[in-house]
Amino acid sequence: MGFLSPIYVLFFCFGVRVYCQYEAYRWDDDYDQEPNEDYDPEFQFHQNIEYGVPFYNNILGCAKECFCPTNFPTSMYCDNRKLKTIPIIPMHIQQLNLQFNDIEAVTANSFINATHLKEINLSHNKIKSQKIDYGVFAKLSNLQQLHLEHNNLEEFPFPLPKSLERLLLGYNEISILPTNAMDGLVNVTMLDLCYNHLSDSMLKEKTLSKMEKLMQLNLCNNRLESMPLGLPSSLMYLSLENNSISSIPDNYFDKLPKLHALRISHNKLEDIPYDIFNLSNLIELNVGHNKLKQAFYIPRNLEHLYLQNNEIESINVTMICPSPDPVHHHHLTYLRVDQNKLKEPISSYIFFCFPRIHSIYYGEQRSTNGETIQLKTQVFRSYQEEEEEDDHDSQDNTLEGQEVSDEHYNSHYYEMQEWQDTI
């Protein structure tokens, strides 16, 4: 037995060696294969979380009252959820949607970790000025857009961060605008204050002048009786509809050389300087629903002019276009003059001075006895270039008998030049 023991030991060692070589060959063969570059695990697992839960969702987090889509991990949607308070905002969130809720207060505690916020939408809530914690927005150093329209604000929210670019405060009850409210807002390009209670005393000369990058200012439906002073020269779009403005000072627009569109309809304008709108960049001008008795000089680059619902009895072409240039044509393409007191159509000479006109809308005119009359006229394009004629062959030149509402033309007006999309 002692003699066989060494032999058994040798056989055993040899067998073990062969088996190990075989097993090594099998595993080496498996791992020598080329890796699958298309392989992308659906989840990344962490030792401290439960299996089957996405790794990034647990790390980044989302308020339980809200929804954070996986394809937009930095956005949090809390809109239309009947919320009364703002939930705690996780640090990674950049876009916060809280519109259409019942929120009354904005507390600093909700934003204590929200250092990366770029856009906040708190529109259509019940927020009051006295229930906004002081400085809650100013601490958000990355904030670019703030929506607070359709709330119950009585005062301009102050202070605000320097990073802010778009501020929407329409449809509130704002009547107080502190002189230093705009201090530091050097990057704001769009400010909407329509449908508030602002008076002339709140818009002092230096209130808006420091906003050096402001391009769009909406002050429609307030309580203004005069043109706002101290507007920055960067302004391109100015909305002043539905106020009580009765006059425009001489040379008022000299400091606004970049102005592209001016809306000052539904005011009390009567007499304005003849060449007050002589601006080289002005494209759209709406002075409808005022008390103007005569037309004015039309600048060369103006394309859309709205004169409806005034007191104009006649339009002298030589007055609106004193020196036609056959080389550098005026750009006017659309003119609306309905609901005035015109007794006859504008002279056909207008098409020589404005060869690009596509249509003149006369609609109904008001007579001295209060009745309405319909002018019998057609719009001709005899001075247009041949290509323009070909493009419009299929259109009807006759405007007779058409009824055009303000809403219809306002919508068209916005389609032609959507202000907010240009900013």
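The backbone N, Cα and C atoms fix where each Cβ goes, glycine too.
Per Swiss-Prot, the disulphide partner of CYS353 among CYS220, CYS321 is CYS321. Across the repeat 'LRR 9' (281-294), DSSP classifies residues as 0 helix, 3 strand, 11 coil. For ASN242 (N-linked glycosylation site), the Cβ neighbour count at a 10 Å cut-off comes to 19, with all displayed protein chains included. Least packed by the Cβ count within 10 Å, out of the glycosylation sites ASN187, ASN316, is ASN316. Its Cβ taken as reference, ASN278 (N-linked glycosylation site) is surrounded by 16 other Cβ atoms within 10 Å in the chains shown.
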